[in-house]
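Listed in Swiss-Prot:
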type	residues	note
BINDING	Ser61, Thr62, Arg63, Thr64, Gln88, Arg112, His139, Pro140, Cys141, Gln142, Cys268, Leu269, Arg296	carbamoyl phosphate binding site
BINDING	Asn170, Asp228, Ser232, Met233	L-ornithine binding site
Amino acid sequence: MTLPTTQNGPLRHFLQFKDLTASEIGYVLDRARIIKDKFKRYEPHMPLHDRTLAMVFEKASTRTRVSFEAGMYQMGGSVINLTSNDSQLGRSEPIEDTARVVSRMVDIVMIRTFEQTRIERFAAHSRVPVINGLTNEYHPCQILADIFTYIEHRGSIAGRIVAWVGDANNMSYTWLQAAEMLGFTLHVSTPAGYQLDPARIGNPPPSVLKQFKDPMQACQGAHLVTTDVWTSMGYEAENEERRKAFADWCVDAEMMAAADPNAVFMHCLPAHRGEEVTGEVIDGPQSVVWDEAENRMHAQKALMEFLLLGEIH
């Protein structure tokens, strides 16, 4: 166990996409490519030996757990997995107290929880970097992986159009932060009553955000079309109501045909074929979903390396 400090100066967290600068995001994405190349060559990359990652899950997960756990082991570290069922988090211990204790024993923490304020309270009392594995408000690790995937397949995302079709959830708000930082335009189409919250987004210029009532218009000329489930965790009681409201927001072959001829399709998974996307699209030639899922691991490895070791030259 090392002292709970980083080698790149002041303590840094990744609670929102904008917690890193555009140049730092670019560095992490470059490192993700290098780290992935080493992984594909079976070349060991273990800069985090003797480091420990604590993963705190208050929301269930498949990809987040596997990608962080496998990634930390591959970099030579160890992992502790905590849930509300097997820790004091489920027994009313204040999150601040958990942060004070856990961060004295590990080197970095990933939390997947409900309210953004909860992870912010943890980070405010942590002595080590804290990563947002998902909250109701933001999903920055997923967008980091998505942008890495786009670059891998099509090159720079700057100047491109990303079309978001479906619920204005944590993914869409994180895409908006990325668009503001990295110089691409976000097209958003949602059903009435499920739009982006004006109080949260402010007044971004059309070069950053355009909102559409018609999902076909949102997809017009897009270089990346992406979506998510219609009913996120915590909203299960609204499932039937949402299925009716979102019926016309299923990404299908017609929407992809409206996009740029070289457009790719992404989905953060799990997917419900026949709801937010057709099987023809997610299993078709424009889909890069499976690379996108794998790239969670590589992007997060680069992120953890950066938060703990700083930039490596």
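Each residue, glycine too, has its Cβ placed from N, Cα and C.
Cα spacing between His139 (carbamoyl phosphate binding site) and Asn170 (L-ornithine binding site): 6 Å, rounded to the nearest whole number. Within 8 Å of the centroid of the Cβ atoms of Asn170, Asp228, Ser232, Met233, where the record puts L-ornithine, the same chain has further Cβ atoms from Leu134, Asn136, His139, Asp167, Asn169, Met171, Val229, Tyr235. Take Asn170, Asp228, Ser232, Met233, the residues named in the record as contacts for L-ornithine: the widest Cα to Cα gap among them comes to 12 Å. DSSP assigns Cys268 (carbamoyl phosphate binding site) to coil, not to a helix or a strand. Between the candidate binding-site residues, Met233, Cys268, the densest Cβ environment within 10 Å is the one around Cys268. Ranked by how many other Cβ atoms sit within 10 Å of their Cβ, the binding-site residues Arg63, His139, Arg296 place Arg63 at the bottom. Of all the binding-site residues given, namely Asn170, Asp228, Met233, those whose Cα is no farther than the 10 Å limit from the Cα of Cys268 (carbamoyl phosphate binding site) are Asp228.
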